[in-house]
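Taken from TrEMBL as is:
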- 21-49, 75, 169: NADP(+) binding site (BINDING)
- 152: substrate binding site (BINDING)
- 165: active site, proton acceptor (ACT_SITE)
């Protein structure tokens, strides 16, 4: 079906939104939802590292690029790419910046290579820093704007076998909380959207060792057993409790449309009881025990038990 042609509205009548990581998942879904808005209230700059993957987004929009959408190449790990994207948007009033690009890394800490950990932080933390740095000065000069950052429940509570990923998201949470304090007098709202398990390609693409692979051979048997049990736990969680992208998008839309959005909002209440336990028992020991029991069934002896 061809996308209908509408007359372009003046730019000032639209909310201009730039989104990173639009080749799949939440970024793709959000860009499509905003660009297809029936009132054409948004101009969307959908960015991705590989523009060839923009075809997926165009397919969602009937195979054509409407006047509410522009695809831009942007690699958050490449300062030159960010500078070029910022230059292309220069002159536009960027109302909303959505930092959504992210990658995952799972497995026993002993199996995480230096390079894999550096790549993860380069995208999840430093990529967000670079992106905000590129577009924040214009927002501050206008004394208006909002920044929305895709976070995770793993940014506020430790998850087993996700130590490095959680570390990157904990860092993002600290970054944004600190920045939000400074941005308050500039009328710039910053919101962290804490997502749980979502049915996207993220889980399939995250880097993780095969439990029977060579990376695990030098690891103690007990940790190997715990890791296998954790993978089984993940399968059941994704089968029974993972959200679809369309269920998550309203949280982002609320953050875009609310006159005064919160610093943090969650897309799921999946681990809310454990989060409350973490708050009510600040020394952390109760949370560690409860999370262990939730994932591994309450057995202290992990090993190769089923």
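Each residue, glycine too, has its Cβ placed from N, Cα and C.
Projection of TrEMBL feature records onto the structure.
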| residue | record | Cβ contacts under 8 Å, 6 or more apart |
| --- | --- | --- |
| 21 | NADP(+) binding site | 27, 47, 48, 76, 100, 101, 102, 150 |
| 25 | NADP(+) binding site | 198, 200, 201, 202, 245 |
| 29 | NADP(+) binding site | 245, 246, 248, 249 |
| 33 | NADP(+) binding site | 249, 253 |
| 37 | NADP(+) binding site | 68 |
| 41 | NADP(+) binding site | 14, 15 |
| 45 | NADP(+) binding site | 16, 17, 18, 19, 70, 72, 85, 89 |
| 49 | NADP(+) binding site | 23, 73, 74, 75, 76, 101 |
| 152 | substrate binding site | 165, 166, 169, 194, 195, 196 |
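Its Cβ placed at the centre, the residue listed as 'active site, proton acceptor' has 26 other Cβ atoms within 10 Å.
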